Amino acid sequence: SPPQDSGDDIEDVSLFDADDDGSRRSKKSKIRHPVASFFHLFFRVSAIVVYLLCELLTSSFIACMVTIILLLSCDFWAVKNVTGRLMVGLRWWNQVDDDGRSHWVFEARKVSAQGAKTSSEAESRIFWLGLISCPMIWVIFAFSALFSFKVKWLAVVVMGVVLQGANLYGYIRCKVGSRRNLTSMATSYLGKQFLRQ
């Protein structure tokens, strides 16, 4: 089904036809997408390791900065476009309509007719652990760079916070956004019933 054009759309969609395969599989804790799981953690952990070890390995700040920003950019793209879809069935993006207005769209994979989940518990844990812990590490690095007066590293660390924080925000909105919409609809309904009485 085509994406809707409202600001906070939550839409049930079939991502990569996963519903067909998911209805045949039972809920297992094994990792169904090992390559996606590997790259979900590889780019983010590599950026952190390079940040921690770059002064020991080389004296070139530019080489370290470029390497870290490339790893963070690869992580942003991989998590937003691939691993979120495969590992937990969520995706988000920004869409600009014909009037030039920007809309954020948040989608979640449809639950199959039998109610079986298509993502495994292990993949879900890996996804959320990596998605939440790495931005927290970059925030710690930001405070460390700020208080130790390493101003040249502050730009790199802020880039890490922004790129990984954007993915964290987008996926949290995908995960809990539908519950928020249901809550606001229920509150609105109860308010109308109260006014009628």
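Here the Cβ of each residue, glycine as well, is placed from N, Cα and C on the backbone.
TrEMBL labels come from automatic prediction, so no person has curated them.
As annotated by TrEMBL, compositional bias 'Acidic residues' applies to 1-20.
The region 'Disordered' feature in TrEMBL is assigned to 1-26.
Summarising the annotation, TrEMBL assigns transmembrane segment to 59-79 (among others). Among residues of the same chain six or more beyond the transmembrane segment (59-79), those with a C-beta under 8 A of the stretch's C-beta atoms are 39-40, 43-44, 46-47, 50-51, 131, 152, 155-156, 159-160, 163-164, 166-167.
Distant neighbours of the transmembrane segment (126-147): 31, 37, 40-41, 44-45, 48, 51, 79, 83-84, 87-88, 153-154, 157-158, 160-161, 164-165, 167-168, 171; these residues of the same chain sit at least 6 beyond its ends, with a Cβ under 8 Å from one of its Cβ atoms. Marked as transmembrane segment by TrEMBL: 126-147 (among others).
Here TrEMBL flags 153-172 (among others) as transmembrane segment. Long-range contacts of the transmembrane segment (153-172) within the same chain: residues 44, 47, 51, 64-65, 68-69, 72-73, 75-76, 79-80, 84, 88, 90, 92, 104, 106, 131-132, 134-135, 138-139, 141-142, 145-146, each at least 6 residues beyond the stretch ends and with a Cβ under 8 Å from a Cβ of the stretch.
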